[in-house]
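A short write-up of the structure that comes next.
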Amino acid sequence: MNINVAELLNGNYILLLFVVLALGLCLGKLRLGSIQLGNSIGVLVVSLLLGQQHFSINTDALNLGFMLFIFCVGVEAGPNFFSIFFRDGKNYLMLALVMVGSALVIALGLGKLFGWDIGLTAGMLAGSMTSTPVLVGAGDTLRHSGMESRQLSLALDNLSLGYALTYLIGLVSLIVGARYLPKLQHQDLQTSAQQIARERGLDTDANRKVYLPVIRAYRVGPELVAWTDGKNLRELGIYRQTGCYIERIRRNGILANPDGDAVLQMGDEIALVGYPDAHARLDPSFRNGKEVFDRDLLDMRIVTEEVVVKNHNAVGKRLAQLKLTDHGCFLNRVIRSQIEMPIDDNVVLNKGDVLQVSGDARRVKTIADRIGFISIHSQVTDLLAFCAFFVIGLMIGMITFQFSTFSFGMGNAAGLLFAGIMLGFMRANHPTFGYIPQGALSMVKEFGLMVFMAGVGLSAGSGINNGLGAIGGQMLIAGLIVSLVPVVICFLFGAYVLRMNRALLFGAMMGARTCAPAMEIISDTAHSNIPALGYAGTYAIANVLLTLAGTIIVMVWPGLG
C-alpha cells in the first residue's frame, strides 16, 4: 500500500498542524553554541518550509491560537498590572513606554524609508523586539481594518515574513547586547548590585539555598536558667538571638504553647523550631541540657505554603513590617510575576505577590489569614471563569467607535488582553475565584502561541524566497536598528534622566523587552538576582504595551502618507 504523505497532510488540517508542531518543537531544542533556538522559532522554521510546498491550514485554527495566547498573557500580568501602573512603578512604566515607543517610531520611519507595506513593517517590529504580542496585535487589527481581501492576504503574508526574517536577529542581538552593554558603561554591574544590597539589606546570593525548618527539643538546665536571668520570652527575644522559635514547653508533664510572658524554669522541656544552621549555632547553654526525644513534644506539623498577598494591612507594607518571625513563621521565598525576588526587608509588597512561608500549620494559617490567603494547590481549573472572561474579551473587541468616516475598534487582541488582566487581578483578590494552575495556564499559552506560529509560517512560506532575495539586506539592517537602538535610548533615559541604579535599570530594560534569556545574562553579570526586581517591574506593563504597539502601528500607518 502506497501512502501519499503530501495528499494526506493536505487533506487533514489537524494532522498537518500537529506534524508541524511536533517537528518544530524538536527543532527548537537544538542549540547554536550557547543559544537554543526555542519553540517559537523551531515551529516557525518548519511551518515556513512546509508553506513553501503550498501546505496550508484553516485560518480558524490560527485565530483561536492567538486568542488563547493573548488571553493567557493578560491572566499572568493581571495580579501585578494595576499596582505597577498606579502606585510605585512610575520609573518602570516610563522605561517600558520609552522602550516600546522608540521602537515603534523607528520601525515606522524605516518602513517608510524602505518603501515597505504595513505587513512587512509590523512584522519587522515584532521580530526585532522578539515580541509575539506585537505580531498578534497587528494581525488582529489588520483583519478588522476593512482591507479588500487580496490586499489583506498580502499584508498578512508580509507580516509573517517580516517576523520570520528578523526574529533571530532581534534575539541574538539583544543577548549579545545584554552581555557586552554593561561593560561599556562606567559603573560595574556587580558593584551596583552590591550597593543596592547594602542600602536595602538584600541577599545578593542568587543561588541561595532554601531549607525547611526542623524541630528539636532540649531540657532546660542550670546554664540556660542563668542565661535567661528571670526574663520572659518576650524580653529575651529568643528568635533574634538564636534564629529559633520556642514552639512548645512541657512543664510538670503538661504540654503547652507558650506566650511572651512565659519564663523558662529548671526541668522544662522546650521544642525549638528553626533552620538547621540556626540549631547548629545555638548557644551551649541550650545544648548542655540533655536533648529530648519526646514524641508528643516533637509532634508538630511543619508545613510550607504559598501565601498570596491580598489584604490592605499587608499591601504597601515592607516585608519587615509583617514580623513573620514574631509569629513563629519563616520566609523562604518572595515571588512576583513568576520571578523570584531577593528577600529584602525593605521590599514593598504588591497585591498578588507570593510569599513561601514555613512553620507550624496553625501559625502559617493565622499569618496567611492576616496578609491574604493560601494559594490553592488544586489541579482543577475554573473553566467557567476562564470561558466567561474569554467571551467578555471577545465582546469588548467588537466595540467600535465612529469618528466621521473613520472607525476605530479595540479588536480581539486588546479585548482579550484586558479581559485576561481582569481575570488575573480578580484571582489575586478572591482566593476561590478563577483559579488556573500555573502549569495549565502555561500549557494553554504555549499551545496557543505554537498554533499561531504554525499558521503564520504556513501562510507566509510560499513567498519567503522572493522576500529574502528582494529585502533580506534591508531586513537585517532594520532588525538590528530596531532591536538595539531602543535599548540604548532606554539605558540613557534610565541612567541620566531617572538616575536609576544600574543593576535595577538593566533588569528593567530586559523586562521591557520581555526577554528571559537576556535577563539571565544580566543576573549572571551582576552575580545577583537583584536585577529581577527591575525585570518584574516592567515585564507586566511591557506585555500590554507591546500588544497595543501592534495595534497602533497598523492604525497610524495610513495617515503617514
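Here the Cβ of each residue, glycine as well, is placed from N, Cα and C on the backbone.
These figures come from a predicted structure and were not determined experimentally.
Now, the feature entries from Swiss-Prot:
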type	residues	note
TRANSMEM	8-28	transmembrane segment
TRANSMEM	32-52	transmembrane segment
TRANSMEM	66-86	transmembrane segment
TRANSMEM	94-114	transmembrane segment
TRANSMEM	158-178	transmembrane segment
DOMAIN	200-288	domain 'RCK C-terminal 1'
DOMAIN	292-373	domain 'RCK C-terminal 2'
TRANSMEM	383-403	transmembrane segment
TRANSMEM	406-426	transmembrane segment
TRANSMEM	451-471	transmembrane segment
TRANSMEM	475-495	transmembrane segment
TRANSMEM	540-560	transmembrane segment
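Averaged across the domain 'RCK C-terminal 2' (292-373), pLDDT in this predicted model comes to 83. Residues 70, 73-74, 76-77, 80-81, 84-85, 89, 92-93, 96-97, 99-100, 103-104, 107-108, 111-112, 118, 121-122, 125-126, 129, 131, 133-142, 145, 337, 408, 410-411, 413-414, 417, 421, 511-514 of the same chain, all 6+ positions outside the transmembrane segment (540-560), place their C-beta atoms under 8 angstroms from a C-beta of that stretch. With Cβ pairs under 8 Å as the measure, the transmembrane segment (158-178) is packed most heavily against 475-495, out of 8-28, 32-52, 94-114, 475-495. Long-range contacts of the transmembrane segment (32-52) within the same chain: residues 9, 16, 20-21, 23-26, 132, 163-164, 167-168, 171-172, 175, 446, 449-450, 453-462, 464-465, 517, each at least 6 residues beyond the stretch ends and with a Cβ under 8 Å from a Cβ of the stretch.
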